[in-house]
Amino acid sequence: MRTAPAAKSRSIRNRRKASRSASSCRSGSSCFAQIRDFHIAKREEDIGYYAGYVGSSFMFGRALTSVFWGIVADRYGRKPVIIMGTIAVVIFNTLFGLSVNFWMAIAMRFLLGSLNGLLGPIKAYATEIFREEYQALGVSTVSTAWGIGLIIGPALGGYLAQPAEKFPSIFPKESVFGRFPYFLPCLAISVFALVVTIATCWLPETLHKHHKSSKFDAACEDVETAPLMSGTKYKTQKAEGKAPKKSLFRNWPLMSSIIVYCVFSLHDMAYTEIFSLWAVSPRRYGGLSYTTEDVGNVLAISGAGLLIFQTCLYPYFNRLLGPVVVARLNGVLAIPLLSSYPFIAMLTGLSLSIVLNCTSVAKNVLSTSIITSLFLLQNKAVDQDQRGAANGIAMTAMSLFKAAGPAGGGAIFSWAQKRQDAAFLPGNHMVFFILNVVEAIGVLMTFKPFLVERR
């Protein structure tokens, strides 16, 4: 079972990347064009508003079913839930690419979110399959795959959307790719997810159901010694963050890390939505007037930088500083970085390309490191037989916040487009200011007594 950490990292990364690429809706860039082609927005400034709802429908669906899938993973194993999740990607992501109107797109995203419950089990799996000294690498692999999927999704959308216009010699306008200009990137992700589904059949299960006799003996010992436990000892355990077993909602180390995770997830989802909308929006609205291919290039470079940092440097920083300090420090550094975005839009040419790529890499590295640290805190706060349910609770709460992220980010962006001449924080200055407020709230919540780490 204990295979090489590098091999396990690749296996987990592929499954996570398939799910996250599918859930990105190719955020912003080609999604912006897709919503425009549905002709549901009356004005160009309102496209971001409707694009946000497409992204939110996935998260809302996942919020409704994450606890259920976590319980299933604890009872029947991580592997069956992972396989079902990747199959859902194959089916509903393909149908999303064939959407003929806005409401069909919303429905496909909602069904994909409802039936794709693999994120919680994958987080539990990464913690369980690695030895303790490699757990930071395992969990960073999950969050790295999440971040890379977040980048690859929009990048694929930028490169492969509208192929009949970009590559008419290969994709005639009379073909299915001409009739459904956003089908090709969805199909590419679905094919990748199908390959991952097949590979997952050889995935070893980590939820062990043997050694029942030893568990029975341990339970008997607990019953025999329970009357001897003094009130002082119980209070000491409670003060150290060790909640009674099976009481997930009373486990404050778990719940506090979930709440902080939700705040940062809200910020990240809103940022992802806003970044691509901002990049493709016209210069007269404070955007960059980028094409979908330009956005894809920026995100691809960000993915490469993120992969290098998370696999090579994050485990070292985690050992040196600990997950709480890493999350707090990265949150602090992200605030001035976000404040620079409205000024980046004033640049042109090569200087714009260099500064934007460097800033995008840094922002994605900081955000993913925060999520990785909170993943570690959540999975350390519970025992193995509760990890599926605990991650299900985390996914439900996070999905509710992330459902608000795209919709809120799109609405804020559309609102900011209409106040270019405001005296206080005009245009995109207000957008990134609001993102910084959410980031600052998350940073403040990483301090005691709110965030508690289980010892």
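Every residue gets a Cβ built from N, Cα and C, even glycine.
What TrEMBL records for 10-19 is compositional bias 'Basic residues'.
If you look up TrEMBL, you'll see 1-454 marked as domain 'Major facilitator superfamily (MFS) profile'.
Residues or ranges marked as region 'Disordered' by TrEMBL: 1-26.
According to TrEMBL, the feature transmembrane segment maps to 47-69 (among others).
Annotation comment: TrEMBL describes 81-100 (among others) as transmembrane segment. Among residues of the same chain six or more beyond the transmembrane segment (81-100), those with a C-beta under 8 A of the stretch's C-beta atoms are 15, 18-19, 22, 25, 34, 69, 72-73, 108-109, 111-112, 115-119, 121-122, 125, 180, 182-187, 189-190, 193-194, 196-197, 200-201, 203, 388.
Residues or ranges marked as transmembrane segment in TrEMBL: 137-160 (among others).
Residues or ranges marked as transmembrane segment by TrEMBL: 180-203 (among others).
Nonlocal intrachain contacts for the transmembrane segment (298-317), taken as residues 6+ away from its ends with a CB within less than 8 angstroms of a stretch CB, comprise 9, 136-137, 140-141, 143-144, 147-148, 151-152, 154-155, 158, 279, 290, 326, 356-357, 360-361, 363-365, 368-369, 372. Feature annotation from TrEMBL assigns transmembrane segment to 298-317 (among others).
Here the transmembrane segment (329-348) has Cβ contacts under 8 Å with residues 264, 271, 278, 283, 286-288, 321, 355-356, 359, 362-363, 366-367, 369-370, 373, 427-429, 432-433, 435-436, 439-440, 442-443, 446 of the same chain, all six or more residues outside its ends. TrEMBL lists 329-348 (among others) with the feature transmembrane segment.
The transmembrane segment annotation in TrEMBL covers 389-416 (among others). Residues 25, 27, 45-60, 62-64, 66-71, 73-74, 113, 117, 119-121, 123-124, 248-249, 251, 254, 258-259, 261-263, 265-274, 277-278, 286, 378-379, 381-382, 427-428, 430-431, 434 of the same chain lie 6 or more positions beyond the ends of the transmembrane segment (389-416) yet place their CB under 8 Å from a CB of it.
Per TrEMBL, the feature transmembrane segment maps to 428-447 (among others).
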